[in-house]
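Colleague: First the structure, then my questions, so here it is.
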Amino acid sequence: MGIVSSLIRGVFERLGTKDSRVLMLGLDAAGKTTILYKLKVGETVSTIPTIGFNVEKLQYKRCEMTTWDVGGQERLRRLWRHYYTGTDALIFVVDSADRERLSDAAEELSAVLSDPGMSECKSVLVYANKQDLPEALTPDEIASEMRMSEVAAGRKWWVQACVGVSNNGLYEGLDWLADRIMESA
């Protein structure tokens, strides 16, 4: 009877679970891969610049998020559009202390969200990463500089302060995203 009860429990646990496709983008060195693996395995892993992509399933609350972390180097950004189709939510990671490239990040986010391939994307989480650095902009400053109200118009969006290497703020952002995904289920 133990096997049968385990199977039944597994079925009931899956009821109400939402499978979703999440795209994780941002400029190079923003901390995308660090954040992905901090959320996946709970520890900081040594990373190198992503050439191509990493894909992991994140199980959180009642969501199973297939998360695509795509390299952010300038020469790779033109390939991002190949990952857009079927995207339910976007995580865009910004280096909050890199003021010189914030306008580049804003332009890239605007281009991503205006692409017809992203029409299914209903939620945008911006991780304002590296908040532990002295020059880091606040989430409100990031939202203003990136023109979030305009760029993400018609979508639900949130800017979450975080420190990817220490976990600070990561789960608060994931809470927000999981709730939005479940709302759209």
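Using the three backbone atoms N, Cα and C, a Cβ is placed for every residue, glycine included.
Below are the features listed in TrEMBL for this protein:
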- Gly26, Leu27, Asp28, Ala29, Ala30, Gly31, Lys32, Thr33, Gly72, Asn129, Lys130, Gln131, Asp132: GTP binding site (BINDING)
- Thr33, Thr50: Mg(2+) binding site (BINDING)
Colleague: Hey, how far is Lys130 (GTP binding site) from Thr33 (Mg(2+) binding site), Cα to Cα, in Å?
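Modeller: Cα to Cα, Lys130 (GTP binding site) and Thr33 (Mg(2+) binding site) are separated by 13 Å.
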Colleague: Just name the winner among Lys32, Lys130 (the binding-site residues) by count of other CB atoms within 10 A of its CB.
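Modeller: Of the binding-site residues Lys32, Lys130, the most buried by Cβ count within 10 Å is Lys32.
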Colleague: To see if you understand the setup: which same-chain residues, six or more apart in sequence, place their Cβ under 8 Å from that of Thr50 (Mg(2+) binding site)?
Modeller: Lys32, Thr33, Asp69, Val70, Gly71, Gly72
Colleague: Rounded to a whole angstrom, what is the largest C-alpha distance between any two of the residues Gly26, Leu27, Asp28, Ala29, Ala30, Gly31, Lys32, Thr33, Gly72, Asn129, Lys130, Gln131, Asp132 that the record assigns to GTP?
Modeller: 22
Colleague: Determine the Cβ neighbour count for Asp28 (GTP binding site): the number of other Cβ atoms within 10 Å of its Cβ.
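Modeller: If we count other Cβ atoms within 10 Å of Asp28 (GTP binding site), we arrive at 16.
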Colleague: Look up Lys32 (GTP binding site) in the DSSP assignment and report helix, strand or coil.
Modeller: helix
Colleague: Have a look at the binding-site residues (Gly26, Ala30, Thr33, Asp132) and report the one with the fewest Cβ neighbours inside 10 Å.
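Modeller: Selected from the binding-site residues Gly26, Ala30, Thr33, Asp132 on minimum Cβ neighbours within 10 Å: Asp132.
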Colleague: For Gly72 (GTP binding site), just count the other CB atoms lying within 10 A of its CB, please.
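Modeller: Within a 10 Å radius of the Cβ of Gly72 (GTP binding site) lie 23 other Cβ atoms.
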